[in-house]
Amino acid sequence: MISIAFLFISCVKLLLIPSYHSTDFEVHRNWLAITHNLPISKWYFEDSSEWTLDYPPFFAWFEYFLSHFAKWFDINMLKLDNHNYSSFNTILFQRLSVIVTDVVFAYGTYQCTLAFNSSWRAKVVLPLLLLANVGLLMVDHIHFQYNGIMYGILLMSLANMFKERYLSAACWFTVLLNMKHLYLYVAPAYFVYLLRNYCFTSKMFIFNLKHIIQSFSVKNTFRLGAVVISIFAISFVPFLHQIQQVISRLFPFKRGLCHAYWAPNIWAIYNVVDKAAIVAGKTIGLNINNTLATMTGGLVQEVSHTVLPDIKPFLTIVLTATAMLPALYKLWSSGSNALNFVRCLVICGLTSFLFGWHVHEKAILMTIIPLSILSVVEAGDAKTFLLLSTVGHYSLFPLLFPNSLLLIKVTLYVLYSCYAFYSLFKMYPLHLCKYSLPLLNSLESLYLIGLIPLFLYENIFHHMFSLSASLPFLPLMLTSVYCSFGVTYSWLKYYIYFLNKCDMPVKTVKKKR
Amino acid sequence: MRVESETWLCIFGVLVAILLRCTTSLHPHSGQGKPPMFGDYEAQRHWMEITVNLPLNEWYYNTSRNDLEYWGLDYPPLTAYHSYICGKFAEFINPDFVALNESRGYESEEHKLFMRYTVLIVDFCLYIPAIILYFILTVKMYKKSDAEIKTESEKQTIPISIQLSIILALFYPGMILIDHGHFQYNCVSLAFAIYAITFLCIHQNILASIFFCLALNYKQMELYHSLPFFLYLLSTCVPKPGQNAIAGFKKLFKIGLTVIITFFVIWAPFLTNINDTKQVLHRLFPVARGVFEDKVANVWCALNVIFKFKLNFTNESMLRYCTIVTLTAVLPSGADLFLRPNVRKFVPALINSSLAFFLFSFQVHEKSILLAVIPVILYSHIEPLTCFWFLIISLFSMFPLIVKDELVLAFVALTTFYVAAIHIILEYSKGKQTKSQTPSNSVLTDMKQVLLDALQVQDGESGLAFVRNLIEKREIFYDLVQYAVVISSLIGCVVLMLLMLIIEPPENYPDVFPLLISAYSCVHFVGFFIYFNIVQFKIPQAVEDVRHIKLKSD
C-alpha cells in the first residue's frame, strides 16, 4: 500500500516539476556550488551571494553529496558566481533530488505504521495522510525545499520511540538537529522523555519522586550522552575553529520578529492590534509618530511597534519556555507513554510556533505531521488534527502566489482536507451537532467554513474592488490573522486535552519484541 | 445519509483527474517559442484573432487581412464560434492577445494561463460530466434490461464497477496530454460525441442526433463515428415485425428533421451565399495535404516503407483508393449493426468504424487515434484487459508527437500514474468478484497454486493426471497467456521509447524511430480491429427483436 501510494504521489510531484519555484531554489543551487567548490573552512564564510549557508553542517554535507550527481545533469549549476542560473536540467536535477530523497519520508512512514496494530487505520489511512501531506507537497515540490527527507528522519525517530528503542530515537533526532536546527523547537520533549524513561529506568507512572530517583541508571545516561555528543562532535568538530561564525549564521537574531509574510501566530495578532491602535488613535486625534509603522509593508525585516511595546528576542524565548513547562511536567509524570510523548512534541512545536522569534509559516508542518500519526489513534487527537491541518495548510497559500498555481493549490488542498475528514469520520463516526463538520463542534465548523469567503475575498473581490494598489498587503494580513486565531485555538484546545489525559499508558502501541 | 465508499472514491478520483489536468497545463505547449509557424496553440490563438477582428464572411476566405496559409481556419463553424467567444474574453482581458496581425506568435505567461483555462473550463463543463453521465446511465440501463432477460447466458457481466470505470476513463493520459499539454480542444467534440452515444444507448434518438450534429460541426473528424450513428438510427426506423411501416417513416422523419434543423441553425450565417458554403466545405476537406503528413500508425504509412504511395499516385486517385478501402473495412461491422441491431453492439461498432477510418482513410493525424480511443474507453468496463492494452498502445503511438512537444516528463508521470491505477483497480475488481470462490486475487498467485497442485499430482500418479489437472484450470492458464502477451507487448513499447530517447538516429534515416513506433502500433491496431470486429459479431441481436420474430412464428 505504501509503495503504490508513494508511486502515485511521486507522479504528481513529477508533474509539478515545471511549476513556479521560490528563491529557495537559488539558495539550494548556491549551496550546491559552495559545498562543491570550496574547502570546508570556507563554507560558512562564503558570502558572494546573498543566500549564504545557514543550515547546520550535516545539511551542508548533504548538499555536497548531491553536488556529485548534479555534475551529470548540468555542470554549470555548480559554478559559484552563476547566480540565479536555472536551465531546464538544473530544475530537473533539483526537483528530482527532492522527489528521490522523499524515499526517506516514505520509509519513515512505513516504520511508523509498523508501530501500530495492523488494522486498516495504520495500513491505509496513516500512510495516505502522511505521504500525501499537502503542506509538504506545496513547500517541497512547488515552493522548493528539502523538508521531506528531514520529516522522514523525524518519523524514523518517532517510530523508534514507539518501539522503545530510545538510543536509536535519540540518535536519529540528533542527526536531524544537525541537518536543520529548526527542530530545536521540539527538543524539550525529547529531553524530558528520554531523561524520564532512559536515564531513569522506573516505569512507574505515578509521580513518586523518591522511587524514580532511586532508579537512576548511570550506564544509560552515559550511553545516551555518548551518542548525542559524538554525533554533535562529528558534525561540528571540523568547524570548531570558526564556531562563532557558524553560530552567527545559524541563529540570525538580527532578523525581525516576524517573517516577510507573517506566520499565523500570536505576533501576527499583536501586530494587527498595534495597527488598529494607530488607526484608532488617529481617529480620536492623538498624535502618533507613524513613520516607523511599516509592519504591514510586509517586506521589511526589522520592524518596531508604535503603540504597543516592542518585542525583544529574549522575551519570546522566555514566553515559549514558560508556556511549554506545564506540558513537559505532564510528560514527565506520565512515564513511558510514547503517545503522550508525541502529544507533548506537538505542543512544544505549536508553542514555539506561536511565541517564537522570526517564525516561518512552514514550521506549522512540524506539528501537523506528528499529529497525523496521533489522529489515527484517538478521536481527541483527530479533532485537533482536522482543525489544525485545515487551517495550517491554508496558511501556506500565500507562499504560492503565482496565478498559474491557483487551481492546483486549491485542488490539492481540497483533496487532502476532504480525504482527512472523510477517513477520520469513517474511523470515529461522531457528529457533534446536526449542522457541523464531522468531529468538530459548530463554532469550529463555522470558523473553517469562513475560510471560503476569506479565499474568495483574497483572490477575487480584493481585485474587483481595485484595492490591490492602495492596500496590497491586506489579503496577506487577513490570512495570517484569521489563521492565527485557528492555530491559537487549536493550541489551547490540545493543551487542555493533553493535560487532562489519563496517565495510564494506552495499549495500542506494540511492545518491543 | 451514508454515501457508499466507492462513490467517495469516485469523487476523489474526479478531483485527482482535475489535479492531473491542472498540473499538466504547467508543461510546455506545442510550438512554444518555435517561430515562424509555432504549433496548434498558435493556431487556436490565431483563430481567436481572426474571428474577433474579421466579419464572419471573411473567416474562411483568403483575403488581405486573412492569410489562410498561416493557420487558416479549417474546422467547421462550431469551432469558429467557440474561438469567437474565447477571443472576446481574450480581448476583454488584454487586447494584445488578439490584435489583428500584430499578435502572431504571441506568448506570455498570462496568455498561456488564459488559454489553459479555456481548455480546463470546457473539459470540466463538458467532457468530465459526459463521462460520468455515460457510465451511470448506460450501466443502469444494462442492468435493467438484464433483469428482463431470463436466460443466464445472455447477461453481460461488468467486471469493473461504474465508479472505478469513471476514474480510469478520466485518468486516460492521451486526452490530458493532447488537450492540456499539446493544446487542442478535442474534449469538446468528443464530449458531444459521448453525450450522443449516451442518449443513443438510453434510446433517446432525437437528443442523440442533435448532439452528434454538434460534434460533427465542431470537428469534421467526427465523421469517423458517423457511419455507426447513421446505420443504427436507420435500423431503428426499420419497422419491427408486427409494426406498421408508417411508424418507421415517422421515426425517420423526426430524426431527419432534427438533423436538418440542427445543421441549419449552425450553418445559418454561411448559407446566405452558396459560395460561402462551398468555400467552408473546401476548407474542411483539404485534399491537397496528402495521404499523411507526419509518421502515423496507419496502414498507408506502414506500407509506405515498401511502396511509395506519394510518388506513384496523385492525391486524387489516392483519395479514391483510400475511401474504397475504408468503406470496405467498415462494411462488415456496419452491415452487422444494421441487420442485427442491438444497442450493446453500438460502442464496438464505433470502435470498428473509427479504427477502420484511422487505419485506412486519407489524411490521418496521429491525434486522430483519440476518436477510436473514446469508444474503447466507453467499452473498458466490459472488456477491461483488451481495452486498457489498446489504450496504452494508443498512448505509445503518440509518443513521437510528445517528444516533439517536450512533454516527455508529463507523459512519463501520467502514464505511470495511469498504469498503476489500472493495475490496482483490476486487482481490486478481480478480488471483489472472486471473493466468494478463492481467497487469492492475483494472477501470479493463482498460477503458483495451479502449478503446485499439478506437481503434487505428478508425484503420485501418471503424467496424464498432470495434464488433466492443467486442463481443468485452463481458464487461469488462458489468463496467464493473455497477461504474458500484453506484458511482452508493453515491454516492446518501453524499449522502443527508450531507444528513441537515448540513441541518435543514423543520418540517412532521421525518422527511423518514429517509423518503428508507427509500424509497431499499426500492427497492434490491425489486431485490435480484427478482435473488436469479432467482439461485435458475438453480441446477438437485440432481445426485443428476437422476441418479435418468435411471436410472429408462433
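Note: Cβ is positioned from N, Cα and C throughout, glycine not excepted.
Please treat TrEMBL annotations as automatic predictions, because they have not gone through curation.
Marked as signal peptide by TrEMBL: B:1-25. Counting residues 6+ beyond its ends, the signal peptide (B:1-25) has Cβ neighbours under 8 Å at 116, 119-120, 123-124, 128, 132, 161-164, 166-167, 170-171, 176-177, 180-181, 410, 414, 417 in the same chain.
According to TrEMBL, the transmembrane segment annotation covers B:114-137 (among others).
The transmembrane segment annotation in TrEMBL covers B:158-178 (among others).
What TrEMBL records for B:190-216 (among others) is transmembrane segment.
Here the transmembrane segment (B:253-274) has long-range neighbours at 56-57, 60, 76-78, 205-206, 209-210, 213-214, 217, 233, 237, 280, meaning same-chain residues at least 6 beyond its ends whose C-beta is under 8 angstroms from one of its own. Per TrEMBL, transmembrane segment is recorded for B:253-274 (among others).
Per TrEMBL, the feature transmembrane segment maps to B:318-339 (among others).
The transmembrane segment feature in TrEMBL is assigned to B:369-395 (among others). For the transmembrane segment (B:369-395), the residues of the chain that approach it from at least six positions outside its boundaries are 131, 134-135, 138-139, 156, 158-162, 165, 168-169, 172-175, 178, 186, 190, 193-194, 197, 221-222, 224-225, 297, 347-348, 350-351, 354-355, 357-358, 411, 415, 418-419, 422, 426, 429, 482-483, 486, 489-490, 493, 521, 524-525, 528, 531, 535, judged by C-beta separation under 8 angstroms.
What TrEMBL records for B:407-426 (among others) is transmembrane segment.
Annotation comment: TrEMBL describes B:480-503 (among others) as transmembrane segment. Outside the transmembrane segment (B:480-503) by six or more residues, the chain places 385, 389, 392-393, 396, 399-400, 403, 408, 443, 447, 513-514, 516-517, 520, 524 with a CB less than 8 A from a CB of the stretch.
Taken from TrEMBL, the feature transmembrane segment covers B:515-534 (among others). The list of residues near the transmembrane segment (B:515-534) in space but at least 6 beyond its ends in sequence, with Cβ under 8 angstroms from a Cβ of it, reads 295-299, 301-302, 305, 329, 332-333, 348, 351-352, 355-356, 358-359, 369, 372, 386, 390, 393-394, 396-397, 399-400, 489, 492-493, 496-497, 499-500.
Highest Cβ pair count under 8 Å relative to the transmembrane segment (B:158-178), across stretches B:114-137, B:318-339, B:407-426: B:407-426. Listed by sequence, the residues of this chain that lie at least six past the ends of the transmembrane segment (B:407-426) yet keep a Cβ under 8 A from its Cβ atoms are 20, 24, 27-28, 160, 164, 167-168, 171-173, 176-177, 181-182, 384-385, 388, 392, 395, 399, 501.
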